[in-house]
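Only one structure is covered here, and it is reproduced in the block below.
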Amino acid sequence: MNKNSSNIMALAPNTSNKRETVCIFGTGDFGRALGHKMIQCGYSVVYGSRSTQISNLIPKDAEVLGHAEAAQKAAIIIIAIQRQHYNFLTPLAETLHGKVLVDISNNLKLNQYPESNAEYLAQLLPGSKVVKAFNTVSAWALQSGTLDASRQVFVCGDDVEAKQMVMDIVRALSLTPLDKGSLSAAQEIENYPLQLFPMWNFPIILSLALTIFFFLYCLALDVIYPYIYENSNLSFFIAITIPNRVCPVMALILLALVYLPGIFAAIIQLYRGTKYSRFPNWLDKWMLCRKQLGLVALAFASLHAVFTLVTPLRAFVSWRTSNRIISQALNNETEPLDNTNAWLSDSYLALGVLGYFLFVLLGITSLPSVSNSVNWREFRFVQSKLGYLALVLCTAHTMVYGGTWFLNPAAYKWYLPDIYMLSLVVPCAILVVKFVLILPCVDKPLTRIRQGWERNPKNSE
């Protein structure tokens, strides 16, 4: 290992207490990084390799031997090679008999083989104790001292003692082992690193679909309609005006969708009279991705705030303001302050600021480092009580801003309602149903059901 990389990896403290010897088959990036980390933590490391020639990339305190000779020196052997090269292990079956083999391999795609790599390794070497581990940790995470990466390591295996030995090594490397059970869980563990933001798929797809729909909706009403009927070229609205209309609408709708599955869950529990029946799969998946929906909503709300702040800098706004001032000066006209409009304007801004503040608070408390520092009741208070308050404020913010348009015929271009009217449908419906659910005549039986009471225990699933 060169000098620079040694300095980078020297984040874990050295220890003078020598531990047992561990053998690593494979001298690739991960094998070298893992070996260096283990040496720093007091382990003796011996590499098993086809070539016993010492390379400057190998940790200087490690020994490099042939596979058979290296395997004889350790009870735990880490297999840091790809599955397609496992066949060379077959002639070593006698040497590896009774030893703990740690499979750290991953595949190129989900369910690439009928069985997991760890199970395949166990079939090749039935006399060995195979444990799956370390496949969710990258070489970069080990080199950076795991300060900037996940510390969680999934571990599974059929031999309890072998699995415990591997978990002890994981802890010694300042990582956190998570026991996933028997070796049959290896397939799931190997699929985990291949999943690209699994909990974000639905929120992102839904957000993209709604964004495209509302963007085209605004484009038709704010650009195409004036061009056809008024011969006005307002195509520059595409840059800021339309995005600044789409973003708050998306933020409000997505925030409402965070609390909509809870409404559905309450109605289902009231209908069934029990909490021991499973929700439909679509509702389960929806409830699991509420955090992601909320964060996407916060992103849209933040964009809306930025677009609003830069609005006075726009050439269109400056032109409109200057024309209005010049027109008043030429006509010797003045406009008295309209207290009603002033109240509406200030109320609209105040509701928006307060709603955005609570929005940010919800986003902060959803972070693991913050949510882990509060108890369950505090977390529920913020995410539920303050969350609904944020929804009320944001809904009121939208209603005050566009409330005067509801009865204005000019707002219905092509007989279509303005985008702000559409944005109020879902949140208003949720708030109305939520108001019904918190009535004592409804809330008391719902609370009893959630505490374990059943209307008809015999029919519970």
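In case you wondered, yes, glycine gets a Cβ from its N, Cα and C as well.
Whatever TrEMBL says is automated annotation, not expert-curated.
As recorded in TrEMBL:
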| type | residues | note |
| --- | --- | --- |
| DOMAIN | 21-107 | domain 'Pyrroline-5-carboxylate reductase catalytic N-terminal' |
| TRANSMEM | 204-229 | transmembrane segment |
| TRANSMEM | 249-271 | transmembrane segment |
| DOMAIN | 249-394 | domain 'Ferric oxidoreductase' |
| TRANSMEM | 292-313 | transmembrane segment |
| TRANSMEM | 347-365 | transmembrane segment |
| TRANSMEM | 386-407 | transmembrane segment |
| TRANSMEM | 419-442 | transmembrane segment |
Study note, to complete from the structure: Per the Cβ under 8 Å criterion, with at least 6 residues separating them from its ends, the transmembrane segment (386-407) contacts 248, 251-252, 255-256, 258-259, 301, 344, 347-348, 351-352, 354-355, 358-359, 361-362, 418, 420-421, 423-424, 427-428, 430-431, 434
Check your understanding: Counting by DSSP, what is the helix, strand and coil composition of the domain 'Ferric oxidoreductase' (249-394)?
Key -> 122 helix, 0 strand, 24 coil
Exercise for review: Could you please provide the mean pLDDT value for the domain 'Pyrroline-5-carboxylate reductase catalytic N-terminal' (21-107)?
Suggested key: 89
